[in-house]
Amino acid sequence: MKKILVKGGKKLNGEVNISSAKNAVLPIIASSILCGDTCIIDNAPMLEDVFVISEVLKSINSNINIEDNKIIIDNSNLTNVEPDSDLVRKMRASFLIMGAMISRFGKFKISLPGGCNIGNRPIDLHLKGFSALGAEINFGHGYVEAHANKLVGNKIYLDFPSVGATENIMMAAVLAEGDTVLENAAEEPEIQDLANFLNSMGAKINGAGTDTIKITGVKELKGTQYKPIPDRIEAGTFMVAAAITRGKIKINGINEQHLKPIIAKLREIGVCMEKVDDGIIIDGNNDFKPIDIKTMPYPGFPTDMQPQMMSLLATINGTSVITETIFENRFMHIGEINRMGGNIKIDGRCAVIEGVDCLTGCEVKATDLRAGAALIIAGLAAGGYTTIGDIYHIDRGYVSIEEKFKKLGADIERIEVD
Ligand code: EPU
């Protein structure tokens with residue numbers, strides 16, 4: 001069994017390069033299903049989730065080659081309309097292939113995703129969109145099936161700006177007949193990136209990145225070559241790590257616009273930041289003060305940065321409050337941070353954080369991807385050794401995380417234990 005061992009107390013220093021965004025690449029890979037030509041994704045992050053969605057596509061006869069950060073996808077021979085359910089159940093994002101599959105084949109059957117460590121995560125909004133486009137949806141024996149003779153554009157209002165539903169419905173609408181208008185759509189940068197990828201294949205999508213997206217159906221899409229956006233959550237994770245160790249680092253290859261809510265909150269804490277060419281310098285050598293944070297859909301503060309911020313606030317004297325509005329169960333890391341000497345109490349959807357002078361290293365477990373990142377961050381600032389278990393969660397979404405931290409001077413390694 002592999003674990004990550006961190007010895008705290010080192011100030012981070014140096015430069016780190018940001019990889020492409022996991023949450024942009026996953027829907028992009030799914031959307032390649034819409035076209036029979038070859039699609040090439042450059043600078044792809046070599047992550048467990050990327051490998052899993054590639055395997056899901058292979059199970060429907062996609063020909064995928066991954067070499068040197070390049071993913072080459074040939075979907076000319078897709079025949080199977082039922083992906084391997086064991087693979088699908090490994091990762092919720094597998095469900096992102098549904099819109100493209102209904103659109104291309106008029107039928108599709110997939111294992112229903114269950115809840116996960118961060119919440120119940122229903123898919124009703126995805127299905128509402130497919131139905132509005134003319135698909136007939138049926139459930140049974142843990143599967144959801146869709147049939148459609150043809151998809152026809154429609155006006156669809158999302159009750160909540162779900163990222164996955166916006167992406168899935170957008171993919172289904174690209175080849176539908178006529179216009180689709182998606183209202184109260186998610187505005188995350190990854191939505192805009194998916195639209196840019198699809199438009200580079202010949203789709204007609206306008207307004208992605210705003211709350212109203214208009215998709216004019218086209219007859220077919222052609223192959224493309226595309227480089228996804230940088231990972232704003234990976235960048236944010238390193239920003240918080242620099243701050244908690246009172247270090248000074250340069251983060252290269254970011255899109256500052258996408259980091260606005262994270263930069264705003266770090267600035268409120270007292271972290272100094274300076275934009276330089278395509279990077280940002282983070283300087284944690286300052287007095288920090290407690291703050292309140294509420295997670296919101298973009299451009300609000302991202303839920304995917306909530307656990308990492310919690311580790312930082314746990315070390316800042318005074319009372320901070322974090323309100324989690326996106327996922328009902330995304331506080332599993334609190335028990336682990338408290339094991340390290342944190343003083344955090346949960347009150348419904350709020351976490352009340354009383355900052356302590358220092359955290360102390362101990363054995364903890366990554367309960368999900370971002371919780372794992374939060375524990376590494378806490379470990380970097382804690383006294384002594386922190387051992388993090390269940391690190392497969394971390395490998396789902398961070399490229400070479402311990403190597404990147406090591407290059408910044410952290411005392412961190414991956415160890416094999418019985
Ligand atoms: N929701 C519904 N019905 C739906 C869909 C969503 O009620 O049909 C609810 C969810 O239960 C949740 C909220 O809406 O409470 C937000 O879910 P959303 O659909 O926006 O999230 P997602 O598409 O499942 C993506 C990211 C997550 C990220 C969220 C929110 C990918 C592959 N995943 O998930 O990333 O937290 O958006 O920004 O893009 C992560 O990277 O660690 C991660 C969990």
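Heads up, the Cβ atoms here are built off N, Cα and C, so glycines get one too.
The domain 'Enolpyruvate transferase' feature in TrEMBL is assigned to 6-404.
The phosphoenolpyruvate binding site feature in TrEMBL is assigned to K22, N23. Counting only same-chain residues six or more apart in sequence, the Cβ atoms lying under 8 angstroms from the Cβ of N23 (phosphoenolpyruvate binding site) belong to V163, E188, E190, D231, I233, D304.
Residues annotated as UDP-N-acetyl-alpha-D-glucosamine binding site in TrEMBL: R92, R121, P122, I123, D124, L125, D304, I326. In the three-state DSSP assignment, the secondary structure recorded for D124 (UDP-N-acetyl-alpha-D-glucosamine binding site) is helix. Cβ neighbours within 10 Å of D124 (UDP-N-acetyl-alpha-D-glucosamine binding site), excluding its own Cβ and spanning all shown chains: 11.
Long-range Cβ neighbours of C116 (2-(S-cysteinyl)pyruvic acid O-phosphothioketal) (same chain, at least 6 residues apart, Cβ-Cβ under 8 Å): R92, D368. Taken from TrEMBL, the feature 2-(S-cysteinyl)pyruvic acid O-phosphothioketal applies to C116.
DSSP assigns C116 (2-(S-cysteinyl)pyruvic acid O-phosphothioketal) to a strand. The active site, proton donor annotation in TrEMBL covers C116.
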Neighbourhood of ligand 1 - recorded positions from C116, R121, I123 with Cβ under 6 Å: R121, I123
Packing count at P122 (UDP-N-acetyl-alpha-D-glucosamine binding site) (other Cβ atoms within 10 Å of its Cβ): 13
Residue pair D124 (UDP-N-acetyl-alpha-D-glucosamine binding site), K22 (phosphoenolpyruvate binding site) - Cα distance, angstrom, rounded: 23
Distance, K22 (phosphoenolpyruvate binding site) to I326 (UDP-N-acetyl-alpha-D-glucosamine binding site) (CA atoms, angstrom): 19
Distance, I123 (UDP-N-acetyl-alpha-D-glucosamine binding site) to K22 (phosphoenolpyruvate binding site) (CA atoms, angstrom): 20
Mean of the pLDDT scores, which run from 0 to 100, over the domain 'Enolpyruvate transferase' (6-404): 96
